[in-house]
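According to Swiss-Prot:
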type     : residues  : note
DISULFID : C68-C182  : disulfide bond
DISULFID : C74-C138  : disulfide bond
DISULFID : C82-C131  : disulfide bond
DISULFID : C122-C158 : disulfide bond
DISULFID : C151-C173 : disulfide bond
DISULFID : C197-C217 : disulfide bond
DISULFID : C221-C299 : disulfide bond
DISULFID : C318-C394 : disulfide bond
DISULFID : C494-C511 : disulfide bond
DOMAIN   : 69-185    : domain 'FZ'
CARBOHYD : N38       : N-linked glycosylation site
CARBOHYD : N192      : N-linked glycosylation site
CARBOHYD : N497      : N-linked glycosylation site
MOD_RES  : S560      : phosphoserine
MOD_RES  : S578      : phosphoserine
MOD_RES  : S594      : phosphoserine
MOD_RES  : T597      : phosphothreonine
MOD_RES  : S599      : phosphoserine
MOD_RES  : S642      : phosphoserine
MOD_RES  : T644      : phosphothreonine
MOD_RES  : T648      : phosphothreonine
MOD_RES  : S666      : phosphoserine
REGION   : 35-61     : region 'Disordered'
REGION   : 542-573   : region 'Interaction with BBS5 and BBS7'
REGION   : 574-657   : region 'Required for interaction with PRKACA'
REGION   : 674-702   : region 'Disordered'
TOPO_DOM : 31-237    : topological domain 'Extracellular'
TOPO_DOM : 259-266   : topological domain 'Cytoplasmic'
TOPO_DOM : 288-318   : topological domain 'Extracellular'
TOPO_DOM : 340-362   : topological domain 'Cytoplasmic'
TOPO_DOM : 384-406   : topological domain 'Extracellular'
TOPO_DOM : 428-455   : topological domain 'Cytoplasmic'
TOPO_DOM : 477-528   : topological domain 'Extracellular'
TOPO_DOM : 550-793   : topological domain 'Cytoplasmic'
Amino acid sequence: MAAGRPVRGPELAPRRLLQLLLLVLLGGRGRGAALSGNVTGPGPRSAGGSARRNAPVTSPPPPLLSHCGRAAHCEPLRYNVCLGSALPYGATTTLLAGDSDSQEEAHSKLVLWSGLRNAPRCWAVIQPLLCAVYMPKCENDRVELPSRTLCQATRGPCAIVERERGWPDFLRCTPDHFPEGCPNEVQNIKFNSSGQCEAPLVRTDNPKSWYEDVEGCGIQCQNPLFTEAEHQDMHSYIAAFGAVTGLCTLFTLATFVADWRNSNRYPAVILFYVNACFFVGSIGWLAQFMDGARREIVCRADGTMRFGEPTSSETLSCVIIFVIVYYALMAGVVWFVVLTYAWHTSFKALGTTYQPLSGKTSYFHLLTWSLPFVLTVAILAVAQVDGDSVSGICFVGYKNYRYRAGFVLAPIGLVLIVGGYFLIRGVMTLFSIKSNHPGLLSEKAASKINETMLRLGIFGFLAFGFVLITFSCHFYDFFNQAEWERSFRDYVLCQANVTIGLPTKKPIPDCEIKNRPSLLVEKINLFAMFGTGIAMSTWVWTKATLLIWRRTWCRLTGHSDDEPKRIKKSKMIAKAFSKRRELLQNPGQELSFSMHTVSHDGPVAGLAFELNEPSADVSSAWAQHVTKMVARRGAILPQDVSVTPVATPVPPEEQANLWLVEAEISPELEKRLGRKKKRRKRKKEVCPLGPAPELHHSAPVPATSAVPRLPQLPRQKCLVAANAWGTGEPCRQGAWTVVSNPFCPEPSPHQDPFLPGASAPRVWAQGRLQGLGSIHSRTNLMEAELLDADSDF
């Protein structure tokens, strides 16, 4: 039988049986013995027969089907072990291995294929296939063909082979190489399926952690693109800048709280919320430095890197840190837009009583807290939260940069456009006020405008700079991420010795990652984020902040504050009006002002422009006479009279009063005033001494009106006006005017012209004694009328 000739299994037994029958008929003992030895094996016939009789009876192997075998030249095995497992047969052939011509070459190829040991799930199914192809069972010049099922079982777990190198032709599951339904001796061999994962991969049974086509292995938690030293350097950098940002923003928050009564004003209070957002964000960055927190945040339980969070099988530490950092960041940038809008509208309303932000604050809060919430929920819904061991936090889009562009760069870019527009318009408004209306500004207001314009310019420059830095760093990541992934994949394949299809005996070179991200770019990106928080806190780095903490310290320690207080005139007048009952009973009472009445700047100095008040300083003389001034203006009455009574009150009983003054305009003067309407002065003259005339109300009684009238007030001693007649002319009757004023000076007998014994008449002019200093004539009581009369300023 020629080698290589196809032999059919069922024809072999009848042919040998025919040869034995011929030998028996011919009677050739020796020849029969020789033939029997060739068939059964070497040695004497009796020994061979005894061995066969004593051997255990085993079931014969199933007959080899015609399509499951192929004629081949069988060779004795030189390697009895295939991929660490012993072979149960003693002959093989290299006919099926298309890349090997000898057993030595086939063995070297198996060593190369053993690199798939680093893909555990692939290694468990590919070992039988490799042994069935490179070291098949060969018997009687016939080789067993592996089944198609054995070949197809490797396609899924070993997809990395097809993706990286492609399967060789002799390992493709074609019918001529892998027929259907063929049993194979190799399938009964027990192989070691406990594969291992070469660093930077780790063994895991979680399909969500598998690295692309390497089933059974996932990327280690520590980012392999950076070294251990780079990790430590970045962690120290984050600790330093995160702590500085946290302290700066915390100081800003404490300053606002220490003087919340004066600080809780828009737009300055918006900086409080901005700093609160960056403070919470810095807490999220610094949480990784707690004992074991970083591994809990960025690593899964199997030691692989977190990505695609949230998942039901892992803890919520990664999600919590993401929500803290991302929500705080987005809320902070939205508050920045609100801040620039508030600045713009407030600057436009300078010099007027219009409050542009009144009624809009609730909408500010609704916008700034709800928009980041919607973005956060959307990210969690698509499960795109990834961990990063370098930064130590979980954030959106570390693995898929498209989500980072949509949920980070797009909102920040929109903020840059909208906030920049309002910021530029606000600065232009201040410049217009300063240049077009210089006469309306006091020196202090002009100085504040210059200071605010400078600070807004610096702040805007820093904000634009930090945003541009953030965009540049992210674009650097986006453009190079594909190259970094290819370099990492080559590194993984090199570590796993996956060099399929390379018939070479050269040693495998050292593996290294050729292209890696720059640690400097990562530091610059973090500096831009932390620097924005620090820039937001600089708005309270003013002298007003030092004064606030000085007052707070004095209040906590009980010491007196020697700082001179500034009180607004309008608040002093309102205070006097609110204390009208006490002042009516005790005209000499002095007003006391609490610390809440004192007017001082909040921590964000430079944003409150008092364009209508040239100076906030109040002289001591003005402060001492404020009660008398309010009384002379008619703000303090002898009894509490409602401004808008609900009904016509009953007038009090009239009592005779000797201290009355007649006043009337002469007919000649009345004509002159009617013609020209320019001269409005009246002549005054004190009535001659003598008994006071009786009251005669010659004026007609007004008709009944539905409009409520004020009650008639009791007449008291007070000089309010003098008659307009010439000297020596007798007083005329009628048109009496009585106004109560408890603060008029009480005249003595030798001074008052109305009492007997007075030496000389006293000259009065427009309700005051001649020679006394004038009382301030332009005082705005609007604020006093609007404020609560019983409130404490």
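Yeah, the Cβs are placed from backbone N, Cα and C, and that goes for glycine too.
Remember, it's a predicted structure, so these values are computed and weren't measured experimentally.
Taken through DSSP, the topological domain 'Cytoplasmic' (340-362) splits into 11 helix, 0 strand, 12 coil. Calculated from their C-alpha atoms, the gap between C299 (disulfide bond) and C122 (disulfide bond) amounts to 25 Å. Counted with DSSP, the topological domain 'Cytoplasmic' (259-266) comes out as 4 helix, 0 strand, 4 coil. C494 (disulfide bond): 18 other CB atoms within 10 A of its CB, across all protein chains. When the disulfide-bonded residues C68, C82, C197 are compared by Cα distance to C494 (disulfide bond), the shortest distance belongs to C197. Within the set of disulfide-bonded residues C151, C158, C221, C318, the entry lying nearest in space to C182 (disulfide bond) is C151 (CA atoms). Tertiary neighbourhood of the topological domain 'Extracellular' (288-318): same-chain residues 202, 204-206, 208-209, 218-221, 223, 235, 238-239, 380, 383-389, 392-394, 398-399, selected by CB-CB distance under 8 Å and a gap of 6+ residues from either end. Neighbour density at the Cβ, taken as the number of other Cβ atoms within 10 Å, is lowest among the recorded positions N192, S578 for N192. Cα of C131 (disulfide bond) to Cα of C217 (disulfide bond): a distance of 24 Å. The Cβ of C151 (disulfide bond) lies under 8 Å from the Cβ of L129, L171, C173, H177, F178, each of which sits 6+ residues away along the same chain. When the disulfide-bonded residues C173, C197, C217, C394 are compared by the number of other C-beta atoms lying within 10 angstroms of their own C-beta, C173 comes out lowest. Here the C-alpha separation of C394 (disulfide bond) and N192 (N-linked glycosylation site) works out to 38 Å. DSSP labels the residues of the topological domain 'Extracellular' (384-406) in these numbers: 6 helix, 8 strand, 9 coil. Helix, strand and coil counts from DSSP across the domain 'FZ' (69-185) read 46 helix, 15 strand, 56 coil.
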